[in-house]
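Read through the structure below, which is laid out as structure tokens, and then see the notes.
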Amino acid sequence: MGNFGIWVLTICLIFQSGYGFYLPGSYPLKHVVGNYLSVKVNSLTSIDTEMPFSYYSLPFCKPVEGVKDSAENLGELLMGDRIENSPYRFKMHTNETEIFLCQTNKLSSDDFKLLTKRIDEMYQVNLILDNLPAIRYTRKEGFMLRWTGYPIGVKIKDVYYVFNHLKFKVLVHKYEETNVARVMGTGDAVEGFPSVGNKGSDVPGYMVVGFEVVPCSVMHNGDLVKNLKMYEKYPSPIKCEPTTVSMPIKEGEPIVFTYEVTFEESDIKWPSRWDAYLKMEGAKVHWFSILNSLMVITFLAGIVLVIFLRTVRRDLTRYEELDKEAQAMVNEELSGWKLVVGDVFRAPSNPALLCIMVGDGVQILGMAIVTILFAALGFMSPASRGTLITGMLFSYMILGIAAGYVAVRLWRTIGFGDHKGWVSVAWKAACFFPGIAFFILTILNFLLWGSHSTGAIPFSLFVILLLLWFCISVPLTLVGGYFGAKAPHIEYPVRTNQIPREIPAQKYPSWLLVLGAGTLPFGTLFIELFFIMSSIWMGRVYYVFGFLFIVLVLLVVVCAEVSLVLTYMHLCVEDWKWWWKSFFASGSVAIYIFLYSINYLIFDLKSLSGPVSATLYLGYSLFMVLTIMFATGTVGFLSSFWFVHYLFSSVKLD
């Protein structure tokens, strides 16, 4: 643990002292009074369709210098974010009103239809200033609600109105000099250089700690702006009343866009500037629900573990106390797991597939642990867009070495140390789960391409992902397979008979118990699942990664217990075909998660419209539950394998 702490500290120091290094949202920018602040735009989003579209797909004002993509990482592209520059710009600590932005061309029939369609579909405009999304406050029944972004427009009595005037409020805090580095920035330009003492602190500067927007629909006079250029003052006063709308959209008529901005000094410190986004609706219920779930599941898991350990220990003690003569006398009367000693390690059906799925499950589980742990430590905060997905992707590829090792070593164990076929197993482990993922995501991508959504993965990114898969993940998995082939296989404690023992008729189908076993693991995570689904589909910010890590640990424990108990029950009724059943006993939680996803679609995403949106939702849900099945099934199988090996190596058996 000491070495791990030193490693983490070293990484932190490298990140902090790197010359000119800047991770979005991780370091405060000093903006001198009068410097320009550039606002960026992200994709238009809607909880009605779940398909993002480019901001400039609608007739909005474009920057004078042209539309440019901002620096993006892999995670942003995969999430459908398309961050671009916008014409909105401010001067630090300089209030401005009635700023003319532009007058669009006369709306064509296609533009009019598209604009009204996006309003019907409840699309939101997402603006970003200094890595902070624009936040909008609304009051409902005495409560203040927070929203990121603002709607394009509104429909009232069959008339569509557009929000063409934006009232911005930028909260700033006086810049506090640090002893590590001073970072100067104006909009997109970021320059970092070392700071010696307090040199340079005499220049007053501010940090952006809040970004609020109030959208208004204002009727402008088109004749007044004919000769106006962008950023010039609108010739008459503009009254921004959020409760009234007065700018109807009409085919063949242009739209005039204006804005105003005020700066306000705030007591909010830079590290606390994301608090407003994290105070999401139902936060108190969230904490209470998680604690309640953790207590109940911990209690149940403890009871199961105690009963199970007592039962197994009693069995072992009873068999160990019998001498050889007594064993010979009672062997005929014995029933249960001791009678399947010659068959318990008989190779399962489709052993290669089992090895491949367990190897991929180890890779997925390792990725989940690494990603959630780093997110809990703050390396993948919501402020750093796309880093969570990027981190998941790269940790998954690197852990290919673990997948190859586990798959091949298990293959050799089942084959009693035979090396034959290990390359094939390692190759299939490298391609099986990623192949399924690519198949599902490609189908969904064609749907997004057909809809011209920014959520579609560009072809160039597809090529990059394929190169990462075959140039990094596959070779690492083969390397892991090589080490697995060199490692000694696990020796079975008992010999396997040549003729398989007949399994007695069971009162209940064993697969019924296997399917029912997934209810307890599902109970571990279903409350947390609601908040994860809300963050994915409802646009809320998810940030309680510490609790998520605890839930993950509990899930692993419960999956292991459930699989152990079911394996022991099957052995006690002389059913020695435990391999696949132990995998699906805990993996069956995926069925309940998929049913929950359908329930969430019906009751929580009522507004989700159109077959394309529903297909996308179900496709991504299927991908999610397959991933969970691989991870939880692997936990169940490995724990059962260890238990069976321990059980039959702990007693003297003839």
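Backbone N, Cα and C atoms are what each Cβ position is placed from, and that goes for glycine too.
Listed in TrEMBL for this protein:
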- 1-20: signal peptide (SIGNAL)
- 287-309: transmembrane segment (TRANSMEM)
- 352-376: transmembrane segment (TRANSMEM)
- 388-408: transmembrane segment (TRANSMEM)
- 429-449: transmembrane segment (TRANSMEM)
- 461-485: transmembrane segment (TRANSMEM)
- 511-537: transmembrane segment (TRANSMEM)
- 543-566: transmembrane segment (TRANSMEM)
- 578-602: transmembrane segment (TRANSMEM)
- 622-648: transmembrane segment (TRANSMEM)
Given a Cβ distance threshold of under 8 angstroms, which distant residues of the chain, six or more beyond its ends, lie next to the transmembrane segment (352-376)?
388, 391-392, 395-396, 399-400, 402-408, 410-411, 414, 421, 424-425, 428-429, 432-433, 477, 545-546, 548-549, 552, 556, 579-580, 583, 627, 630-635, 637-638
Which range wins on Cβ pairs under 8 Å with the transmembrane segment (543-566): 388-408, 511-537, 578-602, 622-648?
511-537
Winner by Cβ pairs under 8 Å against the transmembrane segment (429-449), considering only 388-408, 461-485, 511-537, 578-602, 622-648:
461-485
Long-range environment of the transmembrane segment (461-485) - Cβ separation under 8 angstroms, sequence gap at least 6:
74, 77-78, 359, 393, 396-398, 400-409, 411-412, 419, 422-423, 425-427, 429-431, 434, 438, 445
Given a Cβ distance threshold of under 8 angstroms, which distant residues of the chain, six or more beyond its ends, lie next to the transmembrane segment (388-408)?
73-75, 78-79, 355-356, 358-360, 362-364, 366-367, 370-371, 374-375, 379-380, 422, 425-426, 429-430, 468-469, 472-474, 476-485, 487
Intrachain residues whose Cβ lies under 8 Å of the transmembrane segment (578-602), provided they are six or more past its termini:
344, 348-349, 354, 357-358, 510-511, 513-519, 521-522, 525-526, 529-530, 533, 537, 559-560, 562-563, 566-567, 570-571, 608, 614, 617-618, 621-622, 624-626, 628-630, 632-637, 639-641, 644
